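What follows is one structure encoded as structure tokens, with my remarks underneath.
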Amino acid sequence: MAELACFCYPHLENDSYRFIPFNSLAIKCMLTAKVDKKDQDKFYNSIIYGIAPPPQFKKRYNTNDNSRGMNYETPMFNKVAVLICEALNSIKVTQSDVASVLSKVVSVRHLENLVRRRENHQDVLFHSKELLLKSVLIAIGHSKEIETTATAEGGEVVFQNAAFTMWKLTYLEHSLMPILDQNFIEYKITMNEDKPISESHVKELIAELRWQYNKFAVITHGKGHYRVVKYSSVANHADRVYATFKSNNKNGNMIEFNLLDQRIIWQNWYAFTSSMKQGNTLEVCKKLLFQKMKRESNPFKGLSTDRKMDEVSQIGI
């Protein structure tokens, strides 16, 4: 995750701003600079290579002292920064909006995936600039639309029906902020269209998840799509989701947290997010992740949860 101000800076032209991507040498200057505390939140002038991000964001970049940041000296950093600027320059950002736009925290990996989609000649985003910019505006939180299959970050498609597409995320292959744990495996499920879904299509998805992904929990981060994650990583997701929810409320970004379809979401996660929305503490909410829940009556006739061992998928073991 990183603020948009880590990728570009605003240049006032008439009554609105044009956004310009940072170059890696300017960032490198900023990372070596001694800057007064009072100037930590201001864009840094490298004198030689142009404007650099505010020094308060130093930890967002990979250095000898911090291996958890972005690999800003890779070509991918420039591609992501240029893509963000293209999207921001396609809309009008005024002086009253610029600070809130640049303070938005975005998923670096999501944006790298959009660059990868853009460069894939077989992908619809390669052929449609309008759809590409729409996808970026959704990714950076500027659009109220949800991420659907056409505008999704992408990955490897492992399941699709008339209503849903399930992607295996490819973060291990990334260059900007790769996942270093080689055991990482995670999926995302997007809706093909933002409209009501028939019961038969939901049933198809649930059957696929129970047969093939029984070692995973289906959760949501509240943004209109599902995530399929290892049970061992659920607590980590809970910490992140709770922190983001609290931060948004504190900053006045009252974004509706979408609980999605209770029949698809793991029972304990649904309880956790419902409790979070009611204003309970993280400790109270997380207890619900580890409680034994009363099994819901099966919402679909003919869809059994019982499987013989040789029928059960070994994915995730």
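One-based numbering along the chain as shown.
Glycine is treated like the rest: Cβ placed from N, Cα and C.
The shown structure was predicted, so the numbers you read here are calculated from the model rather than taken from an experiment.
Pulled from Swiss-Prot:
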- His225: active site, for NTPase and RTPase activities (ACT_SITE)
- Ser107, Val108, Arg109, Lys188, His221, Gly222, Lys223, Arg227: ATP binding site (BINDING)
- 205-241: region 'RNA-binding' (REGION)
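In sequence order, Met1, Ala139, Glu153 are the residues near Ser107 (ATP binding site), counting only same-chain partners six or more apart with C-beta under 8 A. Across the region 'RNA-binding' (205-241), DSSP helix (H, G, I), strand (E, B) and coil residues number 19 helix, 10 strand, 8 coil.
The secondary structure of Lys188 (ATP binding site), as reduced to three states from DSSP, is extended strand.
Sequence-distant contacts of Arg227 (ATP binding site), defined as residues of its own chain at least six apart whose C-beta falls under 8 angstroms from its C-beta, comprise Glu186, Tyr187, Lys188, Ile189, Val218, Ile219, Thr220, His221, His237. In sequence order, Ile146, Glu147, Asn258 are the residues of the chain that are 6 or more apart from Lys223 (ATP binding site) and have a CB within less than 8 Å of its CB.
Between the C-alpha atoms of Val108 (ATP binding site) and the residue listed as 'active site, for NTPase and RTPase activities', the distance comes to 18 Å. In sequence order, Ile146, Glu147, Ala152, Lys188, Ile189, Thr190, Met191 are the residues of the chain that are 6 or more apart from His225 (active site, for NTPase and RTPase activities) and have a CB within less than 8 Å of its CB. Neighbour count (other Cβ atoms within 10 Å of the Cβ, all protein chains): 22 for Val108 (ATP binding site). Here the binding residues for ATP are Ser107, Val108, Arg109, Lys188, His221, Gly222, Lys223, Arg227. Their largest Cα to Cα distance works out to 18 Å.
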